[in-house]
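A.B. asks: Please find one structure pasted underneath; my questions will follow.
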Amino acid sequence: MQAIPIKTIGDPSLCDLVDRFQRQYTYLRLSITEVCNFRCNYCLPDGYRPPSHKQRFLNLVEIKRLARTFANLGTEKIRITGGEPTLRKDFLEIVETISQTEGIHKIALTTNGYRMERDIHLWQQVGITDLNISVDSLDPRQFQLITGENKLQSILKGIDRAFELGYKKIKVNAVLMKQYTAAELDKFLAWIKHKPIQMRFIELMETGEMDNFFKTQHLSGQTVMQRLLAEGWRLQPKAVNDGPAKVLAHPDYQGEIGLIMPYEKNFCASCNRLRVSATGKLHLCLFGEEGLDLRDLLLSDEQQPQLAARLKSALQTKREHHYLHIGNSGIRNNLASIGG
């Protein structure tokens, strides 16, 4: 009888997903839909446009098989993304299914917060452990200008409700833009002074459909970092499983600032995540190839060994870093199809 090793939470030596550069992948970003109800000017300014051919997004059974296989290979955290994942009618069932997967210890959700005020208690009940909410402005008119939706107050109430329900820290994402976010830095700092929010400023990335927007709105995260350092904020040491964000803290603030700067040297050195699209394609990099189809190996439980072998084999082709610094964003026209 073959002995089955007991996995210890957080032990990277037990991860089977390792690339040629000895990076270990314990984190899966799983998109469950490409549909989004916001029209953010930096992502989908014209709104979601369905493709001419009919698409089928991963169903509940396929997601269950996928999560189980990744967990068996050492994945401990799954982030559910979109589009806007909470638009799926079976969203709660999906979360509950993943939460019942042995080996998965964290289930994070990236959402625009559209349904948060109403549904956060349900999300918590089915197993959402971590939250990332997109809030690109704290000014209602500016927020509507950026997103196409007048939902800021509801989203902010949803965040407060999450704290009331016991969430200890919430990550809030804002895309760093010259005309918008940068001008509101003082507002964001005041907001997090007495709230345990990690306010993450994500540097605008150049994608195929948004070249002109990038040229007019891109602002280096270093600009923000230098200001914060001058005001007494201090860079925090990174833990082994931390992502690419550079986190700053200040003794007078309950919240933190996170800066995600993909154009920085060595940005990819700490990569620990793989992505699967809503249509079942494995993406080794946010700015990479067309993706490797996995759906033919999600038809039955008996295919798990073949699926695991395909994942491990594909990982050996992962590049050491992206090529954004030379203007190559791969095939990515926008980030809505894979959730960033």
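Cβ coordinates are placed from backbone N, Cα and C, and glycine is handled just like the others.
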A.B. asks: From THR101, THR110, THR147, grab the residue that Swiss-Prot records in the same GTP site as ARG29, ARG79, LYS171, ARG273, LEU274, ARG275.
C.D. replies: THR110
A.B. asks: How many other Cβ atoms sit within 10 Å of the Cβ of ARG29 (GTP binding site)?
C.D. replies: 21
A.B. asks: Give the distance between the Cα atoms of LEU274 (GTP binding site) and GLY83 (S-adenosyl-L-methionine binding site), rounded to the nearest whole Å.
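C.D. replies: Taking the Cα atoms only, LEU274 (GTP binding site) lies 17 Å from GLY83 (S-adenosyl-L-methionine binding site).
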A.B. asks: Which whole-number value in Å describes the distance between the Cα atoms of CYS271 ([4Fe-4S] cluster 2 binding site) and CYS40 ([4Fe-4S] cluster 1 binding site)?
C.D. replies: 27
A.B. asks: Using C-alpha positions only, work out which of the binding-site residues TYR42, GLY83, SER134 is nearest to ARG275 (GTP binding site).
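C.D. replies: Among TYR42, GLY83, SER134, GLY83.
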A.B. asks: For GLY83 (S-adenosyl-L-methionine binding site), find which of the binding-site residues ARG29, CYS40, LYS171, ARG273, CYS285 come within 10 Å, Cα to Cα.
C.D. replies: none
